[in-house]
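**Student:** A single structure is presented below for examination.
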Protein chains: 2
Amino acid sequence: MRTHFCGLIDESLIGQTVTLCGWADVARDLGGLCFIDLRDHEGIVQVVAEPSDAEGNAAVVATAAKVGYEDCLRVTGSVRRRESVNPKIPTGQVEVVATAIEVLNKAEPLPFHHHENPGEDIRLKYRYLDLRSPEMQRRMRTRTKLVAALRRWLDARGFQDIETPILTKATPEGARDFLVPARMHSGEFYALPQSPQLFKQILMVAGFDRYYQIARCFRDEALRADRQLEFTQLDMEFAWVDEKTVQDTVEGMVRDVFREVAGVELDAFPRMTWAEAMRRYGSDKPDLRIALELVDVDALVKDSQFKVFTDAAGVDGMRVCALRIPGGAALSRKQIDEYAAHAAKYGAKGLAYAKLGEDGAVNSPVAKFFDEAAFAALLAHVGADKGDIVFFGAGAFNTVSDFMGAVRLKAGRDFKLVEDSWKPLWVTDFPMFEWDDEAQRFVALHHPFTAPAVDDVDELRANARTATSRGYDMVLNGNEIGGGSIRIHRPAMQSAVFELLGIGAEEQQAKFGFLLDALKYGAPPHGGIAFGIDRIAALMAGTESIRDVIAFPKTTTAQCLMTGAPSPIEDAQLAEVHVAVRAKDGA
Amino acid sequence: MRTHFCGLIDESLIGQTVTLCGWADVARDLGGLCFIDLRDHEGIVQVVAEPSDAEGNAAVVATAAKVGYEDCLRVTGSVRRRESVNPKIPTGQVEVVATAIEVLNKAEPLPFHHHENPGEDIRLKYRYLDLRSPEMQRRMRTRTKLVAALRRWLDARGFQDIETPILTKATPEGARDFLVPARMHSGEFYALPQSPQLFKQILMVAGFDRYYQIARCFRDEALRADRQLEFTQLDMEFAWVDEKTVQDTVEGMVRDVFREVAGVELDAFPRMTWAEAMRRYGSDKPDLRIALELVDVDALVKDSQFKVFTDAAGVDGMRVCALRIPGGAALSRKQIDEYAAHAAKYGAKGLAYAKLGEDGAVNSPVAKFFDEAAFAALLAHVGADKGDIVFFGAGAFNTVSDFMGAVRLKAGRDFKLVEDSWKPLWVTDFPMFEWDDEAQRFVALHHPFTAPAVDDVDELRANARTATSRGYDMVLNGNEIGGGSIRIHRPAMQSAVFELLGIGAEEQQAKFGFLLDALKYGAPPHGGIAFGIDRIAALMAGTESIRDVIAFPKTTTAQCLMTGAPSPIEDAQLAEVHVAVRAKDGA
């Protein structure tokens, strides 16, 4: 239907006749002289319909005069040099003088044009109009390039792309499952996979060597800005490996793919233990673009009169730390309250601070609990200087780390301290378990299939609270973009971990019997990782929201505004799959 | 953990020390001299543990003596030339003399070994053992290669890989949907997509030019040997095209990919209208490897006394046809009955025949309804010769075509008339609609989004019964491996087709409002196709069952024997998503 793409018409075609297909991005009729910006996926070129002696010219001009926004056109014409060059577009040197214009499909008046910036709801309802914008086209193309580059890299290295089921068995560990009633098995349900974790481990037991899959995963969780009901991960698993092989391999992959797709050269990734990341950055996914660090001050506050500090200083499982923000003394009382409110969201009961005025005067509600010299020593220890503010956090190690980490990120943004760069790292040596005070049991920090650092079952049982795992996360600019581990490959260790997590023998058999069986029959040592494709695509495309790199995303209320999913279903259809909608009271 | 792969040890490594990881495929202890066939994904190599003066040798031999089937081992040793060469395996010239053997994971006694050929149920329950067999490894690798080759081909030509949602809106057209209750929207449900059809059309409206996706699709249908609840298709769509562009492009792709993956050179594909395919082969997916053809004999039977023939001969919408099977006179009475029973499954009420004995004598229950000369003329017309049998079918065109087509396939198999070759073709010009007598309405032969051959709405309405569509199928060796069409891109035509299918204005809006809306705002002409990946992979791997090219397939009873999906779910979890299991009486 066409000879060229609109966006690729250039000076080399001057004098030639071309046929183009596209949308009327803009159409202007200057009294018998018509200009149409014709757009396809490659870009825009100017089409002119002007009076001439050529046969049929009147009809061409008449058709052009009636063209409206987003009409679908086929245009034939000759390329010529433009009188008034448009430097803003790559085709700006030339224009196409139309000799024929065919309206392939007329557009009705639009709910919005992609030139506008309407609200996200209307963009999602008319997603097909939204996606026409060059910005969205560029973002989606970045995603396509990312996935293609990853596949090419993996295919070239013998990784085998294997599909695992979407209709599978419910595993009540982890997040909430989506359920699918089974028509042929009344009262039974399939579940959509939260990840292909068990299947990829089984593939290693099944003799495949290196596996990958760009896999759709499903979690029925509350939606935040960066979450979707369904999401895509690059899922990988390696047989006969230790963590170094996995990490070195995928680090190379990420470096190569960032170079190819985003033109970004990443340095070798630093490695940091979970404990160090929490201590220095208050986060297990530190954003290293922000130079600010938490400083432990237990030794400098333990002799103060401030009970909040002294109750925590030097106590096992607790910490007292400080964060110095250069220039932070400029914060108003109200702004400091905002920081306290922000910290409170992450569990802070208060947020002590000290301001150092430009004159060196200290303004701090907690100074009175210290000898003057001791307080000066404290401030000196954290490197506080004139014009700075120092925030303090004290309490349980994880809570303090979390809220001080959140304060650090907010300060980084507020004070424009986020370096314009790419800062990846590996975080390793995660705790194997976290103690859940409420449930009075251990929960797995990664997942229950992660190998502990120790090989011995009795040693793990004896030191469960302090045991570390063979898990690792890849972090980029404060985002956990990949997470993985060496897995348990011996059935006795897997059973022991299940037990520590409060899953008894019977429940183990019912839920994970097939995994325990598989481990019995010669499972090789294996490990792997999964990368969040949506997030990596968003980072590469330079957008905050993963919705911008998903063609048809759901809203935070779990709806597709375009199709209207989810929707009510007739009872007869529900009867076929043996379920009924419950009455509102839950009966 | 290893320096080489087992299956790749060759004479170039003689004298070198290697470290290998793998499974003990076979282990034999010949009284202190032990042989282990060590297997990884690349193949098998023989490991020998033999007495020597080397330090630690006794321990190595003792370990080797205790190795059992499928133990996971790490072996270090030196490569040497084998005394008794094993020509059956690529590594058969060499063996590895072990200097260290580490048992990485001991295997318990196996439910079966992949050397055996157990029933499919036990293979599926212990799928990880089944997949270890070199045959299954080869099949799965063929599938991986197929998908990688398709992607590479498409990526190189600017097709954009775009993911579409798995949690989407129920569309009660077509097959039965799988439903997923929505937790955040009580009483509402998502559906799993039967195909990305509407999304890919919307992507064309959204300005993408050429799309593809290796997409998971879901149909809750009765399972046959070649169906799965979930299946994989290569889904493609092109903007600004007619059928020739689509067909030429994908024909080139299929040819290239068959060459690359299967080493098969396909000829240019013949084209055949649906009417011709039905007339000559009794099938819309004719297997051209079988040279037999149906022959229309209306004119030769219309003057007979056989009412079954005369009622159909020359009548609009009916046919009388014959199928000659060379050598078929050898069929016994019982075998002929089997043919009749086979035809009956496809709607035949009977199956008339005529045998020509080696002496030229005719044996036929219908001969008595004809003049001798007329019957001879009939047999001559179909080319019947001594030793042949001719089957006859008469009645409604589609029914007769179906059962005579089935007889043709059975005869092809029974008489070994299936050529060992690859025979692709295009089938085109499908009827737009089929009249459903029971429902007293039209049903779509492809799907309701397929464009009719006519552009004019009134013309379509006036000739709906005879209208053809712009659909096309790619057929290979009797399998429909791909199906597609040019789509409707104007809202008026789409509404008219919905109406003809009995979908009123209100229902159109409720179910397909978003599509009709999208067509209003400048939808380009577009078309596409979808290929069945499971079937193509099975064909390339030389297996009848698509379950052999799916890592974790379901049974014909829709179960995963390995994980036990589907399974009962606790009522509390169902309450969260607002559904309950219905009592058996359907209340």
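Glycine is no exception: its Cβ is also placed from the backbone N, Cα and C atoms.
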**Student:** To which of the residue ranges B:197-200, B:337-340, B:485-488 does TrEMBL assign the term region 'Aspartate'?
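**Tutor:** Here TrEMBL associates region 'Aspartate' with the stretch B:197-200.
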**Student:** Per TrEMBL, which of B:Glu265, B:Glu276, B:Glu480, B:Glu576 sits in the ATP site along with B:Arg219, B:Asp220, B:Glu221, B:Gln228, B:Gly532, B:Ile533, B:Asp534, B:Arg535?
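**Tutor:** Checking B:Glu265, B:Glu276, B:Glu480, B:Glu576 against TrEMBL: the ATP site match is B:Glu480.
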**Student:** If H, G and I count as helix, E and B as strand, and all else as coil, what does DSSP give for B:Ile533 (ATP binding site)?
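**Tutor:** Helix, per DSSP.
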**Student:** Which value in Å gives the longest Cα to Cα span across the ATP site residues B:Arg219, B:Asp220, B:Glu221, B:Gln228, B:Glu480, B:Gly532, B:Ile533, B:Asp534, B:Arg535 as recorded?
**Tutor:** 20
**Student:** Sequence gap of 6 or more, C-beta under 8 Å: which same-chain residues meet both conditions with respect to B:Arg487 (L-aspartate binding site)?
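**Tutor:** Those within reach of B:Arg487 (L-aspartate binding site), by Cβ under 8 Å and sequence separation of 6 or more, are B:Gln201, B:Phe449, B:Thr450, B:Ala451, B:His526, B:Gly527, B:Gly528.
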**Student:** Mind checking how the region 'Aspartate' (B:197-200) divides into helix, strand and coil residues in DSSP?
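**Tutor:** When I sort the residues of the region 'Aspartate' (B:197-200) into the three classes, I find 4 helix, 0 strand, 0 coil.
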**Student:** Looking only at C-alpha atoms, tell me how far B:Ile533 (ATP binding site) is from B:His446 (L-aspartate binding site), rounded to the nearest Å.
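**Tutor:** Spelling it out, the Cα of B:Ile533 (ATP binding site) and the Cα of B:His446 (L-aspartate binding site) are 19 Å apart.
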**Student:** Below 8 Å Cβ to Cβ and six or more residues apart, same chain only. Which residues does that give for B:His446 (L-aspartate binding site)?
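**Tutor:** Residues satisfying the criterion: B:Phe430, B:Ser469, B:Gly471, B:Gly483, B:Ser485.
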**Student:** Within 10 angstroms of the C-beta of B:Arg535 (ATP binding site), what count of other C-beta atoms is obtained when all protein chains are considered?
**Tutor:** 20
**Student:** Check the domain 'Aminoacyl-transfer RNA synthetases class-II family profile' (B:140-553) for me and report the mean pLDDT.
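**Tutor:** Result for the domain 'Aminoacyl-transfer RNA synthetases class-II family profile' (B:140-553): average pLDDT 95.
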